[in-house]
Amino acid sequence: MAAEEAAEAAEGSVEADDAVAHTLEQMKALALENDELRRQHAEQRHAHIALLEVNRELQWRLDALSDSAAAGEPPSERDWRDVDAKLQLLLTENNLLEARAREASEEAAAHAQSMHELQLAVAHAHAAAERAQEEAADAEARRVEAETRAEAAVEREREAERRSAESTAAIGRLQRELEEAREQVLRAHCEAAEGRHEAERWNAHVSAGMAEATRREQLADAARVDMAAQLQEYKQRIQAFEDEWMGTDRIVQGHLEASENLSRELQLSQDSVQRLEAGLAQCRGALERASVREAQLQGEVKQLSARLEQQAEMLARQAKLARTAAYETSQAGVKQLEEARAAAQREAQAMAERELRHARTLEDVHSKLERELRERRALQRQLEEAQAVAAARSAERAEVAAAGDPPLRAEVAACRRRAEEAEHSAQRLQAQLRQAADEMARLRARAEGADAEAQRAEIRGRRAAAQAEAERDAMALRLAQRAEAADSALAEVAQMEGRLHTEHEAIRRHCEQETGRLRQRNEGLMAQLDDAVQAAAQLQDLLSAQQQLAEAYRHEARVALEQLSEMSDLGPVSHRRQHQSLQQLRDEISREQNSKLSSVQTMLEAMQLELQATRGATEEQQRRVQTAQLLVL
């Protein structure tokens, strides 16, 4: 963008330099023409002075002739009328010469005024060139600043990507460490006791569910961050598009200002050409330059139109990409929501299965406890029966032993040993019963703890389900907000497209108006050039007629002097001869004037033909310009 601004500013400065060079060339040509006019004016003044001297000499001779006539024979009345007519003619010619001298002085003053205006135009052209150079410097500074901002943005993006990668790696490491710690805790709980295996496995399942919920929450947070980053990226793209469009608008405004400045310079140059251009070659050069400038303006109009069309296409493509990205993002959000719902359903099913397994485990534990209680009661009855049998036998044996039978004593001793063994076995059984009771109490406590843990797990499951539903609702709300933001972004893009289209139409209409004004100025220039050529031709004819009249006056004055001298020498006898010679002189002067007038008319006809050819070429050029404009439109 900045490079295009710098290039266009450089083109504007080059065009301004060309305009200044062209103006300087016109100044040089006008200075040469001014010198030529001054030289002609000086020649006319010298001729006027010479005619005044001749007039004084004729007046002196007439005075002398009148004095001599008063002394001698007076001339005839006809001769006096002729001399009086000649004097009146000389006075009229003198007045004409004085009027032409005044016109020449006025032309010189107008020429000086035009030179002053041309100098002002040159000063304006220099100022425009300096402004173009300053604009080029500003464009270069803006380009450097834009490059610096772009590099800083790239560095920030790289830093953000690096930090994101580091945070992702750290989160992965923490998750792996957390999973390893959880696995170690699960292994430790599994190795602690076989009886706590079910509860620990349930805790492991609950922990896995919590880890899954945490992971899903992290995924949801990551998705939310990604959506926020994408939305920020879309906003940045839209801002970049607006900045680019503003830069394009500034470039167009700069081109329009440059074209207006060049139009003003062209108008000043055309005014100076209108007042001072006198040659057909300069007219053709001005026409060619105007044609070249018009072609350049048409080329600039084409370039601007092509650039605006490219920008419109680019904005349309970007809007389409934004719509596609927004649609894909919304679809991804919907898919994530569906996955979250499916995961919540799977979690609920898994929780129901775990509750069913836990209930079955509790039923098994209750049945085992009941069997152990029945076995313990049976052992207690057997022990009581064995104790009663042992007591009866010991009593019998005591009676027998009291009778003094040695075998009985031995049997009594054996019975005592067996009774002691039975007592020891009963004690062992009692110890086993106590152990069984303790184990029963432990199992009951474990069952109660498992039941409480199951209730807590159920509460946690319900809480996790409620949290998942809340997260689902929040995700749905965020997705709805993102969808609204995407819709608003699409609406803004559509509005921007409408604004671009409107501005494109306005610029096209402005270009058409500028082209029409340039065409009208070209037509006015052609009319002014025609007037200038006609005025130059008339001035040339006037100068040539003035020179011819001056020569005729000189010749007639010489002839009149000769005739007066002859009249003074010959007297009244030679009046007839003098009259004949004067008549011949008048005929010769009239023939010479007719021939000169015919030559002037021939020259004017040739100039008119050449002007018609120039008009035809100009009309052909205008038709080409109109054809090019139609092609552009």
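Glycine residues also receive a Cβ, built from the backbone N, Cα and C atoms like all the rest.
Of the given residue ranges 126-168, 212-254, 255-297, 513-555, TrEMBL assigns the label region 'Disordered' to 126-168. Among the ranges 1-20, 461-480, the stretch that TrEMBL annotates as region 'Disordered' is 1-20. Residues belonging to the coiled coil (287-460) score a mean pLDDT of 65 in the model.
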